[in-house]
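What TrEMBL lists as domain 'NADH:ubiquinone oxidoreductase chain 4 N-terminal' is C:76-136. The domain 'NADH:quinone oxidoreductase/Mrp antiporter transmembrane' feature in TrEMBL is assigned to C:144-442. Here TrEMBL flags C:6-25, C:98-115, C:149-168, C:180-202, C:231-252, C:264-282, C:294-317, C:324-343, C:355-373, C:393-416, C:428-451, C:472-492 (among others) as transmembrane segment.
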Amino acid sequence: MTGEFIAFFVLSLLTIGGAVFMISFTRVVHMVISLGITFISIAGLYVLLGAEFVGVAQVLVYSGAISILMLFGIMLTKHDASDEGTGNTWKNWLSLIFVAALFGLMFWGIQSSVWPAPPETAASDVSNVKQIGLDVFKRYVIPFELISVLLLVALVGAIIMAKKEGNKE
Amino acid sequence: MDTLMQYAWLIPLFPLLAFIVIVSFGRQLKEGAAAVGILFTAVSFGLAVLTFWQRFQEGATDYKFSIDWLKVGDIVITMGFEINQLNALMLLIVTLVSLLVQIYSKGYMHGDERFPVFYQYLALFTFSMLGLVIAPNLLQIYIFWELVGVCSFLLVGYYYFKPEAKAAAKKAFIVTRIGDLGLFIGICLLFWWTGSFELSQIFDSIALGKLEPWMITLAAILIFVGAIGKSGQFPLHTWLPDAMEGPTPVSALIHAATMVAAGVYLVAATYPLFIASDAALNVVAYIGGFTAIFAASIGLTQKDIKRVLAYSTVSQLGYMMLALGVAGAAGYVAGTFHLMTHAFFKALLFLGAGSVIHAVHTQNVFEMGGLWKKMPITALTFLIGCLAIAGIFPFAGFWSKEAILGAVYEAHRYDLLFIAILAAFFTAFYMFRLFFLTFAGEARGKHEAHESPGVMTGPLLILALLAIVAGFINTPYAPVFGDWLLSGEVGTIIEDVFGAGEGHAAAWLQIAALGVSILGILLAWLMYGKRAIPSDAIPEAMPWLYQLSYRKYFVDEFYHYVVVVPLGWLGYLLNLFDKYIVDGLVSLIAKITRGIGALHGRAQNGQVQSYGAMVLFGLLLLIVAITLTAQGGGVLGIGQ
Amino acid sequence: MGLANSILLTLIVFSPLLAVLILAFVPRHQGGVIKKIGVLGTLLPLALSLMLFASFNYESSGLQFTETAKWISIPVGLQQSGAIFSFDLGYELGVDGISMPLIVLTAIIATLAAVASWNQKKRLKEYFILFHLLLIGMFGVFASQNLFLFFIFFELTLVPTYFLIGIWGYGEREKAANKFLLYNGIGSAVMLIAFIVLFMYLNTMNMDKIAEILASSGNPASAAMSPEFRFGLFLAIFIAFAIKLPVFPFHTWMLKVHVQAPPAIVMIHSGILLKMGAYGLLRMGIGFFPEQAYQFATWMAVLGIINILYGAVLAFVQKDLKMVMAYSSISHMGIVLLGFAAMNTIGFQGAMFQVISHGFISALLFFLIGMIWERTKTSMIDELGGLAKSMPFASGIMLAGAMASLGLPGMSGFISEFFAFLGLFGQMPILAAIGTLGIVLTAVYLLRAVLKTTFGPTPGRFAGVADAQPMEVVPLVVLLGFIILIGVYPAVLANPLQQTLKTIVPIVTGIGG
Amino acid sequence: MSVSITSYLLVALILFCVGLYGALTKRNAVVVLISIELMLNAVNINLVAFSKYGLYPAVTGHIFSLFTMTVAAAEVAVALAILIALYRNKETVNVDEMDSMKR
């Protein structure tokens, strides 16, 4: 029972628990809090996996930006808590069955597959931030640039769409 | 003199001309149509007399002429005409009766709205009947056979607005058609077996032994089935009494003298076929015999004057069939002879009945009576007819009936002889029952009867004369007619097979037959003339027997429930089958297709999440499929 | 004359186009003018087809008035020699003894049907344009000697018929039209598959050539097709045309069409369009695969008998006069099958006679039913009655038509019935004997229907009904005239048929023994 | 004993399934969006896990998860913009009622 295992256990419990609560809560604040917990726990998982940079980015982007964005999204639109309850139960059950089936299949796949033995030592002591930086700006420079363009376009597009129309008409 | 027979084809042509003229100018002619019909038929009659006379003089060689009508492959089908003894005789009978009936109709149908139509049909019938009797081949016989059937149908349904007439016409057509079916099949089979429709060639083939015995029997019986239909023999007799719905002259012409005799004529014309098969002859004889007694027993109780006569016709036709079936030259002569005499006296009886109906406007004999004084000519001629049909010396019926009895006796068919004599007794009884009820006693109906006009009584007198004298051409002492008839080609074949038959009964048989007839008349007189015996004694004593006879042995009902009703049911069943199974199957396929479409349509509900679920489901299926099919190759099956 | 004869068929086939063009320029509201053009337009093909009839050579057994032109050529590859190898589809027309009478029949019925359309009121312009397009299709079917061309014309008949039924029909017209299109579309699809297979194997679409290649056992293309394969092809063609004929159990579409379509179209439909089934069966089914047809003959006979008896029994219980006639058509088409099943000259002749004669008879009867419907607004047998009183002429013709239909000698129906059965008696006497029952049943149901309509007491509401008008007398008299002409002098039809049938039958019987 | 890759994969799988269920059943569009984010995160966990325990450990997994985050961020931004626009017009963010393409 190493410390790593305990950390993993706790973090994954928080992740899944947060996700499940997020799905089942009906009040906005609760949802966003549980969402934040999930995201942060995932960041912890990343750190556990030796991906500190990704973990930090996760905290920045997801826990920081996206959760807040979602909060705004929910608050800006009319939120009626009672709405959720009247969903189509028949559809819910069907979806549940499908999802469970998918889970079963995947679980079976994961369990029955042979995985390579975990490496004896950690890959390298070189901070993977540097490694990432090297790779991003050498090998993946074009996707990186494209992503930036995508972000720009998304930014502009989001502004245009969310802007109030009809003022000039 | 040979030239005259070459023009025999004109005989049927004149009535056809009359038909065309009346069809074209019927509306203008009005009652003048009668004149046209009579005139053209008279010409035909003249020609027929000349032809007959020539035949009578010359005898021997038959005259035959034909033209190509149709080529089918290598087979040439011809149309033509043939004059032999039998034809010549039939020509004479048909033209004579037709002429007389047309003259008579001028009075009987006077004032009818569709007067020209009536003559139109009569002319067409005369044409068809004449065409039938001069036909040299079976195909032509069949063609005219059907045509006379149609004319009969048209004339029975002449009073088209009467539902009974409609039903009777339909029945007449369909029932005879059932018989025609036999003829049709027989003709087709004979064609394939002998390669020809020509009667002469068929006879040759039989003579040469080309046909197996069973073929001959089958063909003969099939042809006889045609005759059964046309001549109203049991079991296809039911149409004939119903056919009395037609105007009475029609009954006289078609349903007594000529068309119904066509069956007998057909058997006589194809007689070489029949005599080659004993079985076929027996069938003819027994059906004929049975019909004779069967119809006679029904005739005993009928109340409608025309129906009595109709059953009498059926019975007499059975007599003729009996004669033909008993075999031999004697039977052949006797049957044909009776055909001729019967044509005269039965036409006479019908026309007489028509005259009575014309006067009293009812057909129920129990509403007549006492007409002897009011319509003397009609009564007298009717009496002559009755005497003739009852076979009283020296009327025509005596000689022909006696010839039949003789033929049967000679052939040692005592069972048939007994039937024939019994039938003769019945005949005498019901004919005189009819006579006494109609003419004797007191008037029972409310009617001002008076004698019919001359145009109607004229034909009656002529026919009465013939009914008296026609028998003398074939007395046992001078069988002129028989000798002549057997001198033709067909006659020669018959004589070859059987040898010349004497065909006349021993004296005791003559006396016995006469005695039986007189007994019948006496009984009728006692019951209906003098009323010494109450006429309802038998009905009261044995009601079931009376009912059986009066209701015609329930044959009609039997057919209705055994044939007509099941056919209707079958039809309804098949209709349902057609609607719901045959068509339903197709509709079902269409519906399934549409249903599947609708199902998919419902899935297209615009709900993104449903689509998502669907996609998920598809993904699952794919994964399962790939996992199952790629064994040992890992999840994606790439490993191999 | 030379030139005219050399393109006579093209002229006949496309002559209705003239009327279409003229009609296209006539204003919609001038109904009278449109009607006149519609009727007069049919006279041109009639005249031309009578010319065809007159100059037809009765001695020759082969094709006449042939026309050939290159039409479509699809290059598909190079041969070893370097020449381009291509599929050629020619424009090939021609008539022989079978198709010539059918063309004349088409022209006659078309003219009469146009006359019968005189009382049509709705959307006249479109009606007559479609009518003439339909004509082109029908002429083309009978004149084309190329399978591809045949198929195109065959389809060309479907489309106008679909609209003619669907727009101008009675109550359930759309349903009837859909059903018509569905069935015939399936039939066409099956036929097209068979044609394509033939084309793939034989590389020609010319009917004569196909028959020739298939008959010669030495030809490699012919040798490549096994008897079983040929049987399959024969069955495909049989089914395709059996739907058209129609043969049980493919008949239900026809009932709807006959009940719902306007009378003039039913005349054409029952008079000619059904006949395309018989024509195709003889020309392509039996003509291409005589051996297989011979093997199939017993089944054909059985199907024929089923058709006859089934149609007759069902006609007996129908309540609607039109349904009676529709089932009667089924029954009569059974006789065509019987004639084919006989596989001898007599049978074929009977079948072809039946095709022509039923064309006239059914046209006549449906025309009469249309007349009755127009006057009484009903065609239910139970509601009708006693029409002989108020319309004696029409009733008389109706009776005559019924008599012709049930095979009265002296009328065309008899000749066909007689020869079809006679032919079959030579091959399968027992089946033939069963089939003859149909003769009686025909009489039963026809008399029931016709007598109920015309005989009996006249109900008051029909007392004032008018008899046939001059414009109606013409078709009635002409049709009856043809029926009687063929009945009395069948050689008029037998002579052209003769030589052609002689060429088909030896193939058939030569193999079958 | 260290944590095996299967454990990480399992966690990711559970997260993915929860997200999927949410995406398929929730009626509020924003919640659906969040669920989708959860699914993306699950994928990210897989990527990172493989980058450590995979057949060829490398940082490529990290880079890919970074890209995914970026794209997800862009996606969320645009999606929320669409939702707001939609809400302005239709007064609802209910997924059930967003079927105007069908109507």
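Glycine is no exception: its Cβ is also placed from the backbone N, Cα and C atoms.
Heads up, TrEMBL stuff is auto-annotated, nobody curated it.
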Distant-in-sequence neighbours of the transmembrane segment (C:324-343), which means Cβ under 8 A and at least six residues beyond its ends: 245-248, 251, 254-255, 257-259, 270, 274, 277-278, 281-282, 286, 293-294, 297-298, 300-301, 303-312, 314-315, 318, 349-352, 354-355, 358, 362, 365-366, 369, 381, 405, 416-417, 419-421, 423-424, 426-428, 432, 435, 438, 441-442, 445-446, 449, 505, 508-509, 512
Same-chain residue ranges lying at least 6 outside the transmembrane segment (C:231-252) that approach it to Cβ under 8 Å: 179, 183-184, 186-188, 190-191, 193-194, 197-198, 225, 273-274, 276-278, 280-281, 284-285, 288-289, 292-293, 295-296, 303, 306-307, 310-311, 330, 333-334, 336-337
Stretch among C:180-202, C:355-373, C:472-492 sharing the most Cβ pairs under 8 Å with the transmembrane segment (C:149-168): C:180-202
Residues in the domain 'NADH:ubiquinone oxidoreductase chain 4 N-terminal' (C:76-136) grouped by DSSP into helix, strand and remaining coil: 34 helix, 15 strand, 12 coil
Long-range environment of the transmembrane segment (C:264-282) - Cβ separation under 8 angstroms, sequence gap at least 6: 98-99, 102, 105-106, 109-110, 112-114, 116-117, 120, 131, 134, 138, 141-142, 154, 157, 161, 164-165, 168-169, 191, 237-238, 240-246, 254, 257-258, 322, 325, 329, 333, 336, 340, 348, 351-352, 354-356, 358-360, 362-363, 366-367, 370, 504
Residues from the same chain, set at least six apart from the ends of the transmembrane segment (C:472-492), whose C-beta lies under 8 A from its own: 108, 112, 115-116, 353, 356-357, 360-361, 363-364, 367-368, 371, 393-394, 397, 400-401, 404, 409-415
Contact call for the transmembrane segment (C:355-373) and the transmembrane segment (C:428-451): at least 3 Cβ pairs under 8 Å, seq gap 6+: no
Contact set, same chain, for the transmembrane segment (C:180-202): CB under 8 Å, 6 or more residues outside the stretch: 87, 147-148, 151, 154-155, 158, 161-162, 165, 209-210, 213-214, 221-222, 224-225, 233, 236-237, 239-244, 246, 250, 253, 256-257, 280, 288
Recorded stretches the transmembrane segment (C:428-451) and the transmembrane segment (C:6-25) touching, at least 3 CB pairs under 8 Å: no
Surrounding residues of the transmembrane segment (C:294-317) on its own chain - C-beta under 8 Å, 6+ positions past either end: 231, 234-235, 238, 242, 247-248, 251, 323-325, 327-338, 340-343, 424, 427-428, 431-432, 434-435, 437-438, 441-442, 444-446, 448-449, 508, 511-512
Positions on the same chain near the transmembrane segment (C:393-416), where near means CB under 8 A and six or more residues out: 328, 332, 335, 339, 350-351, 353-358, 360-362, 364-365, 368, 371-372, 387, 439, 442-443, 446-447, 449-450, 453-454, 467-468, 472-473, 476-477, 479-480, 482-488, 490
Predicted model, mean pLDDT over the domain 'NADH:ubiquinone oxidoreductase chain 4 N-terminal' (C:76-136): 84
